[in-house]
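Over in TrEMBL, the protein carries these features:
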TRANSMEM  A:49-72  transmembrane segment
TRANSMEM  A:118-147  transmembrane segment
DOMAIN    A:132-219  domain 'Nucleoside transporter/FeoB GTPase Gate'
TRANSMEM  A:167-189  transmembrane segment
TRANSMEM  A:201-221  transmembrane segment
TRANSMEM  A:227-246  transmembrane segment
DOMAIN    A:234-279  domain 'Ferrous iron transport protein B C-terminal'
TRANSMEM  A:283-307  transmembrane segment
DOMAIN    A:285-379  domain 'Nucleoside transporter/FeoB GTPase Gate'
TRANSMEM  A:356-377  transmembrane segment
TRANSMEM  A:384-406  transmembrane segment
């Protein structure tokens, strides 16, 4: 059937009459609240409050209730002592790898009394994966999903657009940035939201270097609760400084965007549940094998004396340039497998508060974990090589700068 | 000639007296802290013991008066004895002759305090006497408790010296009191060595001032801090829960939430 | 109607002033670094609840003050509502922290807290946002009612 232009317009009018309601637009309270959250003067304080709520709920649920309240007791009080008794061959290689690497004092094998120090696959590995990371990831993704479904995330993107343009990105870069606080792996995939190769390269590099994942945050909350604010401050400063530099030196375009801001709405529980399950399960498929593998590899490297050898070789750089003990070489190797495991390892090394701060920042900005590495490779090997080159320079420079700042203020 | 001789004798006598005065002054400096701030406000309950038939209360002020000053070591010894007695005798009042104290701290302040409490000190008139021994960490039993000797022995004092056994002679029960490391300021013992003994070199005026302020801080801690902050093995008393206050707030919270939820649902339906 | 609006303006202005005062107190106390309190009121002294949280309470007060003049107008009403939302975030996280603390039995205790321990966690003193919470609810109820009558 062929319609003439007039007939076509008539058809359009008749459909429009049936489906479109005309009336006077009234500015509602919901609209006015929506506007407040995107205007910088009012939107920034609201964003600060939302972040406060996010962080506070994260700490209370993951730290106070789950990890400290139940999992530490379960793993340190029951699981570890039970395994130490029932597993045969105390002091053997297999025992060290699976249960407890322990320590030697006067030629006697001393068992660890908590899962942070045991470093066995079935003890520290499971404790980190289930006792620390699981609650942290669940609450993180739950809150992120709620914020997305309420309609706050697009407003945050609008609000932060101007700032992110300074580092060659735009407002939507907030999505991979915040996702990365959960896990870098889906965040690397989410960089596809950005239009140009330049933007994707900058975003991938920044999130691989400066954004600690949820697992790492969970461990930091557990082992260095007093320093976590300073660690994040160093990372945020680094994110913007190196983003600014990358924007200047990386060729390419950083186009503007138009963001469709939906109205605020009540989240649908079925959607929230589905999203949460999808994110948590995929995280666990990636993370748990790496945590367990990490324990095995690190223990084997320790037992083979490789870590000691590496520590000795890198000692001048670690002690002289970064100002941290040479024993931190081990955690840095472990960081390639899982950064959360590396922070747990750092917690048992004797050092000053500032050295601990420097070491945790170094572990955070050091090589992305192997899972993220694999995802970055999928996005393009050229980008990966570029990111690694930037990373090497950043680790060396930023580590030295932190040490220098410590020296200048007399704490390093 | 006679005049010259007597003038010479006078000069020698003056010199001797001056030397003795100077020497006694150095001992005083060793035991006390010249120019120290006045004591902070504190409330320390007295140690209550039975001296034969007489029930007596020994206060820190009396101990300070006996020693000549309320110093760090005196306060520490007083608090340690108080803790040891409360751990062994609990609510009972101990008999003085049932108390035995073994100290590893060779300082005049702690010695005077322990001797005053056990009644073994010089010039004390008591009905009964307990026991006080000074045995160093290496097992050396100190019998020469002159200030000069104690000064020599305390030259290398460290946190390990601050350990005391308070014992009940009749039952053989003992409680070891160990001072927590964090009671002392960082580098206190090194500073003490410098200021008091010139080891490894004499202290500068800044170091002397720092030592004085550290000394005051530590004394204040011994006078005002609770036992669990001062000594190892003492558990922090659990705070008494304000159950009624909590119950009121919890009830308000539950009722408020219920009302809010029902209000929202009623509006919607 | 005008009288009613005037009354609402005065109430919200007073609430705004009190909120600003609490926010400033939070910031000042945390700058000094030692928490303080008056009987059942506690001003937190840490940088997180006192410093960061103090700024949020301060902004909540400023939202109230900037929107109190003509609360019948939708933009002003939204500012006042947003002030209340900030108070809810503060008080909500404080109450959530109490709940998470009240359930486990402690490091050396049993798995779950005793009844007295559980109730004791909810005992005073409370942070300023908890005291502001009921007022913020009333303010939002008033605004929503007004919005519906339009």
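Here the Cβ of each residue, glycine as well, is placed from N, Cα and C on the backbone.
In this chain, the transmembrane segment (A:118-147) touches the transmembrane segment (A:283-307); three or more CB pairs sit within less than 8 A of each other, excluding pairs fewer than 6 residues apart.
Most Cβ pairs under 8 A with the transmembrane segment (A:167-189) among the ranges A:227-246, A:356-377, A:384-406 are made by A:356-377. Residues 114-115, 127, 130-132, 134-136, 138-140, 143, 147, 152, 156, 217-218, 221-222, 225 of the same chain lie 6 or more positions beyond the ends of the transmembrane segment (A:49-72) yet place their CB under 8 Å from a CB of it.
Per-residue pLDDT, averaged along the domain 'Nucleoside transporter/FeoB GTPase Gate' (A:285-379), amounts to 77 for this model.
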